[in-house]
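*Asks:* There's a structure below that I have some questions on.
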Amino acid sequence: MTGAPQPIWKQLVSRIGRVDARSAAVTADGWLARHGWLLVLALAALYYAQYYRSGLNLSGEGGTAAVIALRLLEGQRPIADTFLGYNVMWFYPVVGLFKVVGPSYVALRIFFFAICTCSGLLAFFTLRRATGLGVLSVGVAFLVVLIPGMIFRNYMPFLGLLNIYLLLQAYVFQQKSSGRQLLWMVIAGLGLGLTYLIRVDLGLFFTFIMVGLAILAPCIASGSVVRRIGISASGTALALAVAVLLHLPVYFDARARGFDQQFVGQYLNWFHLVRTGLFSATTGASDAPVDVTPAPVESGSVPQPVPEANSDASGRSIDRSSLQRPLMSDAWTLPVFYDRAFAVIIHLPLLVAPLFVGIFSVTFVSALIRRQKEAGADYLAVLTAFGCSLTLFPQYYFFRPDTPHLSEFMAPFLVALALAGWCAVRRFRAAGSVGVVVIALVLCLSILDAGLYVYHSFPKESAGTIAAKNKRRYEFVAENGVRVWLKKKELAEMQGVYDLLRTRTKPGEYVVCYPYAPTINFFANRPSYEYNLYIDNATAGADFHRETLAELAKYAPAAIVIDNRQINKNDASQFSQWAADTYEYIRSHYHLGGVFGRQEVYLRDENATER
């Protein structure tokens, strides 16, 4: 039995209501597309203001950037006199900041939070330009702002997002004129040059992507074949030329200051690694190793042997176990869901990325065969976003499989996932049952990856989130503009280290920290003589014990700070384990001034008594 038909006026009201609801949604989305960047900016300002002074990581990269900036301000030469690890533009902005406001830890944090804000804006503008959807653009940008990645390494997600945006504008998005297209290619070249000056390895990866896009872009552009190829070729040549020209001021400065060989050498080393990697992959053989310029040794200084050194110390083997990835089976065997989620998000991109790249590569080729240039542009946008985000994949998966490095990768990867979901819905919904399956697969995997990532990372301050504010209500004030909020226990430990070093050592005297605590040097305003501020069981040379004792004899540091934490989350990575001979030597030749949490502070004999 069927119900009585509705009166005509009720049907009209129902239809009008649905139309009004759709119109309101479209209007709201349009407003977000036009003005959503203001919301992203406002969120970043309000959000970061809540915790920009919260926390002080003794082994954080903020301490490294700050100490190296101080060294450069004192006249030391990058690479030649002090180890950078990254390229010069990672540190030059910090040097400039310190020149303007003076050495300041708070100013340094504000600078990196500003970079986080730029990353959020780049995510918004990329998605708005690609999809035109305000809600999607704002939503993903909010996630990038809320989980910006480990503070003081925010160049990494920023570079990923910057290159996604610029390469899409230059090669995938069709501009109003040829001149405008060429202009975007030049701007992309500036972005590429900046990337090289911050991280050479990322610059290489993005160069490969740019060249690939230069080959594919004419396939989706309009106009004659000659015109399309000409614009792509000339624009790419200009982009690469601009990237090189951007290096000239830095190179001439390096040449004038005498570290041009080291500056150029880092590029040659990376090019060699790529060349030998390709050679090995194609032939199964290895090429000859490239020479690496060692850290300089001051003229007239010859390391002297230390009588107390154990004769068999250099022969002691070191367990070089590095930080291990969670097993894939941890995703279903660990008892705590939070830990299982971490295992999933570590390994899931290894499934998602190849699968999505495969799907959209096939559909891209199909679109080219069918001469569907608009669809081809959508597919190429997805592929470009995945390619750019995957340049950060080795950082976390092979080097440091932890939340801080994962969060760097996920910021641009979230944009790639959003583009994949949008493109799948837009292009596959008319493909029948197969299209529905592909849409469901893409959306489910994208939502799963993004959802588990947010669930696991947002509560962790190591991902750069507001979790850093939790229970930090006690102010710690130290040298070099350190004014931060700490937990009560943290304050007692930091204050203890600071007071001891300030009262038992003199300005200018050396303080060395093992294996890695450069923030102590910065907040105590005491220099370190170490060329490289970082050392662990995986990176220490075979002669670490002998070389360290020679340095102790040469520089006579006023204090030595030892952190016995498991730096690689295993017993073998404790300093007292892998550097047992060095540790025992320090304990027997220096006096223990105090233990503050994990920090053991040892003082030179004449510094062991109160000044």
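Going from the start of the chain as shown, residues are counted 1 onward.
For all residues, glycine too, the Cβ spot is worked out from N, Cα and C.
As the structure is a computational prediction, the values presented were derived from the model and not from experiment.
So TrEMBL lists these for the protein:
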- 295-321: region 'Disordered' (REGION)
- 31-49: transmembrane segment (TRANSMEM)
- 107-125: transmembrane segment (TRANSMEM)
- 132-149: transmembrane segment (TRANSMEM)
- 155-173: transmembrane segment (TRANSMEM)
- 182-198: transmembrane segment (TRANSMEM)
- 204-226: transmembrane segment (TRANSMEM)
- 233-252: transmembrane segment (TRANSMEM)
- 341-367: transmembrane segment (TRANSMEM)
- 379-397: transmembrane segment (TRANSMEM)
- 409-425: transmembrane segment (TRANSMEM)
- 432-455: transmembrane segment (TRANSMEM)
*Asks:* Any contact between the transmembrane segment (107-125) and the transmembrane segment (341-367)? By contact I mean 3+ C-beta pairs closer than 8 Å, pairs at least 6 apart along the chain.
*Replies:* no
*Asks:* Suppose I define contact as three or more CB-CB distances under 8 A, residues 6 or more apart in sequence; do the transmembrane segment (432-455) and the transmembrane segment (341-367) meet it?
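*Replies:* Yes, the transmembrane segment (432-455) and the transmembrane segment (341-367) are in contact.
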*Asks:* Sort out the residues at least 6 away from either end of the transmembrane segment (341-367), same chain, that have Cβ-Cβ distances under 8 Å to it, and list them.
*Replies:* 325-328, 330-331, 334, 373, 375-376, 379-380, 382-383, 386-387, 390, 393, 396-397, 401, 403, 406, 409-410, 413, 416-417, 420, 423, 427, 438, 441-442, 445-446, 448-449, 452-453, 455-457
*Asks:* Can you tell me which parts of the same chain pack against the transmembrane segment (132-149), counting only residues 6+ beyond its ends and a CB-CB cutoff under 8 A?
*Replies:* 28-34, 36-37, 39-40, 43-44, 47, 113, 116-117, 119-121, 123-125, 156-157, 161, 404, 407-408, 410-411, 414-415, 418, 422, 450, 453-454, 457-458, 463-466
*Asks:* Which of 31-49, 155-173, 182-198, 204-226 shares the most C-beta pairs under 8 angstroms with the transmembrane segment (233-252)?
*Replies:* 182-198
*Asks:* Hey, which bits of the same chain come close to the transmembrane segment (182-198), Cβ under 8 Å, at least six residues off its ends?
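*Replies:* Here the qualifying positions are 86-90, 155, 159, 162-163, 166-167, 169-171, 175, 206-207, 210, 231, 234-236, 238-247, 250, 267.
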*Asks:* Residue list, the transmembrane segment (204-226) vs rest of chain: Cβ under 8 Å, 6 or more residues beyond ends.
*Replies:* 163, 167, 170-172, 174, 188, 192, 195, 232-233, 235-236, 239-240, 270-271, 274, 368, 373, 376-377, 380, 384, 387-388, 391
